[in-house]
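Taken from Swiss-Prot as is:
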BINDING   G13, G14, G15, H16, A17, G18, V125, S180, Q370  FAD binding site
BINDING   273-287  NAD(+) binding site
Amino acid sequence: MFYQDPFDVIIIGGGHAGTEAAMAAARMGQQTLLLTHNIDTLGQMSCNPAIGGIGKGHLVKEVDALGGLMAKAIDQAGIQFRILNASKGPAVRATRAQADRVLYRQAVRTALENQPNLMIFQQAVEDLIVENDRVVGAVTQMGLKFRAKAVVLTVGTFLDGKIHIGLDNYSGGRAGDPPSIPLSRRLRELPLRVSRLKTGTPPRIDARTIDFSVLAQQHGDNPMPVFSFMGNASQHPQQVPCYITHTNEKTHDVIRNNLDRSPMYAGVIEGIGPRYCPSIEDKVMRFADRNQHQIFLEPEGLTSNEIYPNGISTSLPFDVQMQIVRSMQGMENAKIVRPGYAIEYDFFDPRDLKPTLESKFIHGLFFAGQINGTTGYEEAAAQGLLAGLNAARLSADKEGWAPARSQAYLGVLVDDLCTLGTKEPYRMFTSRAEYRLMLREDNADLRLTEMGRELGLVDDERWARFNEKLESIERERQRLKSTWVTPSAESADEVNAHLTTPLSREASGEDLLRRPEMTYAQLTSLAAFAPALEDEQAAEQVEIQVKYEGYIARQQDEIEKQLRNENTLLPATLDYRQVSGLSNEVIAKLNDHKPASIGQASRISGVTPAAISILLVWLKKQGMLRRSA
C-alpha cells in the first residue's frame, strides 16, 4: 500500500549523513521523510566517541557554516575539547572533541524532532521504486510504499554487512543491528558499480578494571574551544581527561603468533580496510620496526563505564583480544565488555555520481556517506548535507550546487570521489587540499554562510550573527589601518617593548600586527591601539587576515588561474574516441570517468597536460568550448 501523503525528499538511513541530509532538505522547505530501522539510534556513534581532527574538523566547521547540525551537537555533548596543531599555522589547526555518546545522540534526535517539514518513520527499507530510470519512492519491509521526487541513500555499513570476529562471521549492519540485505540486492540490479570495503572497531573496556594511576593523563585545552560558530563554551558538559598507554613487544608477539586466526590475513575478508586507521594487527605487520604504539583510552561518556581504546581496532578472536588488552600497562586486569570486530559492506563507485551526489544513471537518486567509499562521521555529515540540499533543489526544479575545490574541503572531498573514485575508505586530510591557506577552520563561515543563505540553509539568527561578525572585522581593520604611532610619540616606548627591533618610522596598527612577534592581544593591550574586539571570532580573523595577507593574495591568484580550467565544461555524452590525437589509455579513462570539466579531467591519473591541450583544441574546433558562469 502507498502512504497517504507524497514527500519531496526521502532519506534512507539515520546516521551522520542521513541526519544532515534530512535537516538540510527540511530547512529548505521541502517535505522530508527520514526512514530509519531504529529511531533510538539516530546519530549513533558506531565507532570512536569523537568528532573532528585534522581535515575532519574543517569539514565540521563547513557543515556548521552551511547551517548543519554536527557542530551544534558536539558542543552540547563534548567532554574534552582540544585544538590539534595549535603551534602551527592557522591552515592546519583543527578542533577535536571527545563525545558523550548518549548526549550526542540526544542532541541529534532533539534537533530532528523539532525540525519543521521533517517526519521520522521507523522501518527498514527493502526496495526502491524506479520508473524509466527515475527514482520515485521507497518500499519498507512491511510493504509500505512512500512516494517522493528525490531519494537519498545514507545506509552506512548496512548493505550486505558482514561482521568478522576471528574466523567466525555473521550478517550485521554493525554490532547489535541487522544488515540491509534486500536493499543491497536491489541496488545491485541497477546500472551501478559496486565493490566491498572493510572497517573495524576496537574492543570496549570496563573502566573499573583499569589502573589509571600508572597512566599519563591527557587533558583538554583551557580555554575550551568551541565547534559551532553559533556556540559558546558554556554549552559544554563536564570535561574529563583521556589516558595514554602503549602496546609493547609482548602485545606484538601475541598478534604475530595469532595471524593465522585473523580473517584479514587468512583471506576471509575481501574488502579493503582504511589506510589511515589500520587495525592493530596491520600496524604491527606494516611497522615491524616499531616496538610500541600509543593507545588513547577515551571515555565513552559521563555516565558510562566503557572505555574506547583508540588504536587497537581488531578482528582477531576474542581470546586473543583479551591477551592484547591485558599485555598493556594499566590494563593487566582489564575486562572487555564488547569485543572488537571488522565489518565488510557494499559501497558504490562514486565516479558514477555527479558533483551534486546524484546518480548519473538514476535521476533523483543521491548517495552520501560510507556508501560512497568514505570513512568517518565528518566526511559522512558533509556529504549528507550536500546530498540533502541537492535533493531538495531537484524536488523544487532548481539546479544543483556543489562547492569548488578552492571553496571548501567539502569541494575537495566530492571532487576527489567523483573524479578519481576510491579503492579504500577515503579519509579527509588538510594535505588533500591545494588551497589550504584559504580553507581554514576559522573562516569556514566567511567562505560558505552567504551561499548557505542563498540556498535556504541558514536561518535568520545565524545570518544576523554572521553579518555582525563581518562588520566587526571590517570596522576593526579600518581602525587599525588609520591608527598610527611615530618613533617620537609618547606611546612609542610602550610599543617598542613588544618589538624585537624598535620603530624607525611611522607605523599603523596593521603594520605592527604584521610583525611576527606581535599578536592582536598584545597590540590591543597597548594604550594607542586599545580596546580589543569583544567578539573573539572577529578578533581572530583580523589577526589572520592581516598577518597572512600577502600569502592569501598569492593563493587567490592561483585559484583564479585554475578556475579557467574548472569552468571549461565537457559534454556528458562526449565519446572521447572522436577526439583525434588522444592515446588509447586517455580515451579509456575519460570515457570511464566522464569528467564534468577540464579541471576534473586534468586530475584523472594518466591524463597528461598534453592530452588536455589536445582536448581543448578539439573542443574549440568543434564549437563546443563552453564555460560555466
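Backbone N, Cα and C atoms are what each Cβ position is placed from, and that goes for glycine too.
A separation of roughly 30 Å, to the nearest angstrom, links the Cα atoms of C277 (NAD(+) binding site) and V125 (FAD binding site).
Each of the binding-site residues S279, Q370 was ranked by the number of other C-beta atoms within 10 Å, and first place falls to Q370. DSSP assigns V125 (FAD binding site) to a strand. Just so you know, of the binding-site residues R275, K283, the Cβ with the fewest other Cβ atoms around it within 10 Å is the one at R275. In this structure, the CA atom of A17 (FAD binding site) is 20 Å away from the CA atom of G273 (NAD(+) binding site). Mapped onto three states, the DSSP output places F287 (NAD(+) binding site) in coil. Within the set of binding-site residues (G13, G15, G273), the lowest number of other Cβ atoms found within 10 Å of a Cβ is recorded at G273.
Reported as a whole number, the C-alpha separation between R275 (NAD(+) binding site) and Q370 (FAD binding site) equals 15 Å. Here the Cα atom of Q370 (FAD binding site) is found 26 Å from that of M285 (NAD(+) binding site). Around F287 (NAD(+) binding site), the same-chain residues at least 6 positions away in sequence with a Cβ under 8 Å from its Cβ are H293. Rounded to a whole value, the Cα-Cα separation of S279 (NAD(+) binding site) and G15 (FAD binding site) is 23 Å.
The shortest Cα-Cα distance from G273 (NAD(+) binding site) to any of the binding-site residues (G13, G15, V125) is found for G15.
Proximity of E281 (NAD(+) binding site) to non-local residues of its own chain (separation of 6 or more, Cβ distance below 8 Å) is seen for I255, L259, S262, M264, Y265, T314, S315, L316, given in sequence order. Around the Cβ of C277 (NAD(+) binding site), 19 further Cβ atoms fall within 10 Å across all displayed protein chains. Sparsest Cβ environment among the binding-site residues A17, V125, M285 (other Cβ atoms counted within 10 Å): M285. Look at G273 (NAD(+) binding site): DSSP puts it in coil.
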